[in-house]
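Scroll down for the structure; my scribbles are underneath it.
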Amino acid sequence: MTTASSDPLLQPFTLKHLVLKNRVMSTSHASRLTRDEFPQEVYQRYHEEKAKGGLALTMFGGSSNVSLDSPNTFQQINLSADAVVPHLRRFSDRIHTHGAALMCQITHLGRRGDAYTEPWLPMIAPSPVRETLHRAMPQAIHDADIKRVIRDFGLAAKRCRDGGLDGIETHAGGHLIGQFMDPTVNLRTDKYGGSTANRVRFAIEVHEEIRKQVGDDFVVGFRFALEDGCSFEEGLEMSRILQGTGLFDFFNVTFGRMDTKMALAVNSMPGMFVPSAPWLPKAAAFKRAVDLPVFHAAKIADLATARYAIREGLLDMVGMTRAHIAEPHLVKLVEAGKEDEARPCVGASFCRNFRATCIHNPATSRETYLTHDIPKAAQTKRVLIVGAGPAGLEAARICATRGHDVTVLEANSTAGGQLLLAATGSWRRDLIGIVDWRVSALERLSVDVRYNHYAELSDVLDHGADVVIIATGGLPNLDALPGAEHCKSVFDALTETPPREGSVIVYDGTGRHNAYLCAERYVDAGLDVSLALIDSMPAQETGGRGDDQVWMRNIARWDVPVRTNIELIEVTASSNGKRRAVFQHHLTNERVELEADHVVVERGMLAVEDLFEAARMYSANDGYTDLEAFATGKPQPGHEAEEGQFHLYRIGDASASRDIHTAIYDAYRLCLAL
């Protein structure tokens, strides 16, 4: 049995003069929370929550800019101006109050920048080699610009020191320093190109200037991507050269290229379709070959893997960045012997979408108006929740934690709702953790959950509730489609046994996952599948987190026909027993007709609102939710309830068809204020 005193994760680590209180860290990432290019209140509160939660080191400022021609492509921090220093001082004081250390990543994007972002300058690189992902055609960096950028790195590091930070790291992987190291990008024939020693010269000169500006008693690390254009062996050779300079205090090792969407989703930020801790063996091999401390983060989402990495000496500090986006109080729970209560990172990569927000922790990055510590309610209420999908489960969890008397009515034999279908995909099974964690929480809280109970209006009226929350979800939106009786919905396709043979047209009218989960099921069953899309590319809504790349890869492997930009307008039965799907082409306005044995249709969900509408006339608020209060997690305006009345709300897909995060967010912000 692991105790707090013997847990490898809770042992301190000395980095130069800095004593880190445990082995858990959050690595630098672009959270998209800056305001006016600086880490202000929202940004700082996001990181402070992790410090309050017990981790030893939070690194921030992913891709922070040191120069004018490294633009604000990802809403990064601008370290090229002295105006950043007061923000860093407040930030440092805030984090240090909780006993955690604070470091910033500093970099120049090089060719990875966006030439069409202010100030609209040419991008630079060792050689004019275009990056596929960010699409800039860079100019070869001039000797004078090399000197300028080196100076900018030094000044940015000094600003970090002046701001009270404990250290910095520079970023090589895919960025300007790494571009000099990469022989496929660095085609120079001068002293900065050619041999391994020449290609690390720029990195050394940058860090010589940094040391000149910050001195020897400031922690300086190097985020180093293995096999980023170089072989693993040459990467080790480079690391030994860098280590031999005495300029560095640690290596933060990552793996692989990041110059395409797929490479980013596999290497740098491994998604749900990638195994747990995919590059830990590579990082361990790197550590065996160097003398400096080694940090590493890449889908180390669970404590068992993190503990193993430290116990076996594979790493010195373990990065659990996305795990902390899901559960910022992770270390505190470990210390208290309650790690089984930690909200799991399910690997959905939702945090890559627009901001550092978890698919099932809506408080993350919203700390200025949502708390992670759920307070007790001033007055206990009797709450009835109809539906045990993600929204209903979260509503029950929040209400019960606040001390309310909660009952949940669920029509099915198990909890989960539509999420059970979402988790049927071969690489999306971990989504079920969202359900399992909440079911376990409700068991701990002794919530009365009644399965196989289809709620009627009489159930609502007889319960005597003060608050009724409708979380009945949605059903496939086929009603307005002529010939819907000739189609299968995605619910049908994902729950029924696939036909033994025949042809199937799968129609994607939303750009979400569902159509492709169905297509995958039919391909695996050996059917002749074709895809029809309303959008110009598959799974268009999932692109922010890289899932579209997985589906496009799978489609290429399936070798199935794909027709884009066509909208399904009708399905009819043909005389030969097949189904005829009629489409309108959005670009040509032409009518397109396709035949198959089966047609599967994804057009989103329509709210199941019968019970809500029936209950409205008995409610004190007519089922109305004040949006201004709801949007900011404030209490709903008071509506005096008469005898037998209740306050009625609806959340999740029972309100409108959206996603898992929004369903849980609805529940969180409503119930936190009940």
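Glycine is treated like the rest: Cβ placed from N, Cα and C.
As the structure is a computational prediction, the values presented were derived from the model and not from experiment.
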Inset, instruction - Write down the one residue from Gln40, Gln105, Gln243 that Swiss-Prot lists together with Gly62, Arg223, Lys299 as binding FMN. - result: Gln105
Inset, instruction - For Lys299 (FMN binding site), just count the other CB atoms lying within 10 A of its CB, please. - result: 25
Inset, instruction - Take the Cβ of Arg428 (FAD binding site) and count every other Cβ within 10 Å, whichever protein chain it belongs to. - result: 22
Inset, instruction - Identify, in sequence order, the residues in the chain of Arg223 (FMN binding site) that are 6 or more apart from it along the sequence and have a CB within less than 8 Å of its CB; answer 'none' if there are none. - result: Ser28, Gln105, Glu169, Thr170, His171, Ala172, Gly173, Phe251, Asn252, Val253, Thr254
Legend entry - Cβ neighbours of Gln418 (FAD binding site) where a neighbour is any other Cβ within 10 Å: 22
Inset, instruction - Out of Cys345, Cys351, Cys358, Ala391, Arg428, point to the one nearest Lys299 (FMN binding site) in space (Cα versus Cα); all of them are binding-site residues in the record. - result: Cys345
Legend entry - C-alpha spacing of Gln418 (FAD binding site) relative to Cys358 ([4Fe-4S] cluster binding site), in angstrom: 19
